[in-house]
Amino acid sequence: MESGNSTRRFSSFFLLGFTENPQLHFLIFALFLSMYLVTVLGNLLIIMAIITQSHLHTPMYFFLANLSFVDICFTSTTIPKMLVNIYTQSKSITYEDCISQMCVFLVFAELGNFLLAVMAYDRYVAXCHPLCYTVIVNHRLCILLLLLSWVISIFHAFIQSLIVLQLTFCGDVKIPHFFCELNQLSQLTCSDNFPSHLIMNLVPVMLAAISFSGILYSYFKIVSSIHSISTVQGKYKAFSTCASHLSIVSLFYSTGLGVYVSSAVVQSSHSAASASVMYTVVTPMLNPFIYSLRNKDVKRALERLLEGNCKVHHWTG
């Protein structure tokens, strides 16, 4: 194919993955299959525990269940295709599948970003306005915030996809990654379109910065509120309600920042893929463990859920 041809002339891209050493493919396949199964099972357990336990039918756990759903979809966007490619010893992905994967990945990446900000607002109201919590964070507001997060995420992904569809690629269409990632596609293009590149690179950063600023403001107000509590026990109880969310926020944004910095600084062909593992695979896998270990209500609900399943299995057996 000649340099400068439109992307519509390409039938497929090639995902280079982590390594070209075939001896490591089985190890990578087994590792990522295990992490994927743990991610799906862990987040499904969180969702089932919240649905089946009536005392968890609160705004905080409503958003947590949605975050678990997003984590499952977020990981499912990339890992199954990578596992299929390793199993079939193929690195190709069709042009249409690549754009679709990028679009869906952006939707759930932004959804996770916005849900963390919404959960921070929920914690802010709970800690700073406890007497008005049920009035402010009502069912209608929860649905509205969730729908708003979906709409913005889908709109952003749709705009980015339209931009990519107009790009021109030159030379090899090899992506040094294990999935079709927006930044990698923007680096492959030879289109000299400054507005398009600005939108592709700046808008995701701006959306993340807006959400993160909201989280920082919420926790600034929470810390100020906790500081005014006179007893140590009261301070500990107030902080413990935010500990799990704060841990997930720290993990999500630190790994995301690590991916952004590594892709901008390190020039190794497989460095971006390796750095993305923490953000795209490890973080969704750890989220259920963070909430189940640090949150007594979730831990108790999971124990009841598992005990109930054991009893059902005993009676049916």
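Each residue, glycine too, has its Cβ placed from N, Cα and C.
In Swiss-Prot, L56 does not share a side of the membrane with A273; the two are on opposite sides.
Just going by CB pairs under 8 A, the stretch in 59-80, 102-121, 141-159, 238-261, 274-293 that sits most against the transmembrane segment (198-220) is 102-121. For the topological domain 'Cytoplasmic' (52-58), the model's pLDDT averages out at 89. Here the disulfide-bonded residues are C98, C190, and the one with the most other Cβ atoms within 10 Å of its Cβ is C98. Of the two recorded stretches, the transmembrane segment (102-121) does not lie close to the transmembrane segment (274-293), with fewer than three CB pairs under 8 Å once pairs fewer than 6 apart in sequence are set aside. Listed as Cβ neighbours of the transmembrane segment (59-80) (distance under 8 Å, sequence separation of 6 or more from its ends, same chain) are residues 32, 35-36, 39-40, 43-44, 46-47, 50-51, 101, 104-105, 108-109, 111-112, 115-116, 118-119, 122-123, 126, 137, 141-142, 146, 178-179, 248, 280-281, 283-285, 287-288, 291, 297-298. According to DSSP, C98 (disulfide bond) is assigned to a helical segment. The list of residues near the topological domain 'Cytoplasmic' (122-140) in space but at least 6 beyond its ends in sequence, with Cβ under 8 angstroms from a Cβ of it, reads 59-60, 63, 218-219, 221-222, 225-226, 238, 241-242, 245.
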